[in-house]
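According to Swiss-Prot, the protein has these features:
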type: ACT_SITE; residues: His47; note: active site
type: ACT_SITE; residues: Asp89; note: active site
type: BINDING; residues: Tyr27, Gly29, Gly31, Asp48; note: Ca(2+) binding site
type: DISULFID; residues: Cys26-Cys115; note: disulfide bond
type: DISULFID; residues: Cys28-Cys44; note: disulfide bond
type: DISULFID; residues: Cys43-Cys95; note: disulfide bond
type: DISULFID; residues: Cys49-Cys122; note: disulfide bond
type: DISULFID; residues: Cys50-Cys88; note: disulfide bond
type: DISULFID; residues: Cys57-Cys81; note: disulfide bond
type: DISULFID; residues: Cys75-Cys86; note: disulfide bond
Amino acid sequence: NLFQFGEMIFEKTGKEAVHSYAIYGCYCGWGGQGRAMDATDRCCFVHDCCYGRVNGCNPKMATYSTSFQNGDIVCGDNDLCLRAVCECDRAAAICLGQNVNTYNKNYEHYSISHCMEESEQC
């Protein structure tokens, strides 16, 4: 769920998810359109695509089993749907962590009205 995803983001970036990523670029946060603004925003685009491939559950609300071990995020569900959601969140958190050095404060609270280019396909 979004709370667990936020914990993963904090674990990998040291940033508080809601403040730093809830309205970042064209894809971080609810929905998305246009072209990703940078590598961080691209992580969110890929995450949106991943959620789009998860069928049969509500990825934003699904509560899954996860733990943090030696700096890694471990998804522990046997339920295929919950595990898929966890893996989407895990991959995005890792991606955000790998791109934290290029995080651009100019894209915080970015207006979706600036995201008018044709959207990429997943």
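A Cβ is built for glycine as well, from the same backbone N, Cα and C atoms used for every other residue.
Minimal Cβ crowding within 10 Å, among the recorded positions Asp48, Asp89, is found at Asp48.
Close to Tyr27 (Ca(2+) binding site), meaning Cα to Cα within 10 A, are the following recorded positions out of Cys44, Cys57, Asp89: Cys44. Within 8 Å of the Cβ centroid of the Ca(2+) site, not counting the listed residues Tyr27, Gly29, Gly31, Asp48, the chain contributes Cys26, Cys28, Trp30, Gly32, Gln33, Cys44, Phe45. Comparing CA positions across the disulfide-bonded residues Cys26, Cys28, Cys86, the one lying closest to Cys43 (disulfide bond) turns out to be Cys28. Tyr27 (Ca(2+) binding site) falls within neither a helix nor a strand when secondary structure is assigned with DSSP, and so counts as coil. Separating the Cα atoms of Cys95 (disulfide bond) and Cys86 (disulfide bond) is a whole-number distance of 14 Å. You'll find the Cα of Cys50 (disulfide bond) roughly 9 Å from the Cα of Cys122 (disulfide bond). Classification of Cys75 (disulfide bond) by DSSP places it within a strand.
Taking Cβ-Cβ distances under 8 Å and a sequence separation of 6 or more, the neighbours of His47 (active site) in its chain are Tyr27, Cys88, Asp89, Ala91, Ala92, Cys95. According to DSSP, Cys122 (disulfide bond) sits in a coil region rather than a helix or strand.
Per Cα geometry, Cys122 is the residue among the disulfide-bonded residues Cys57, Cys86, Cys122 nearest to Cys26 (disulfide bond).
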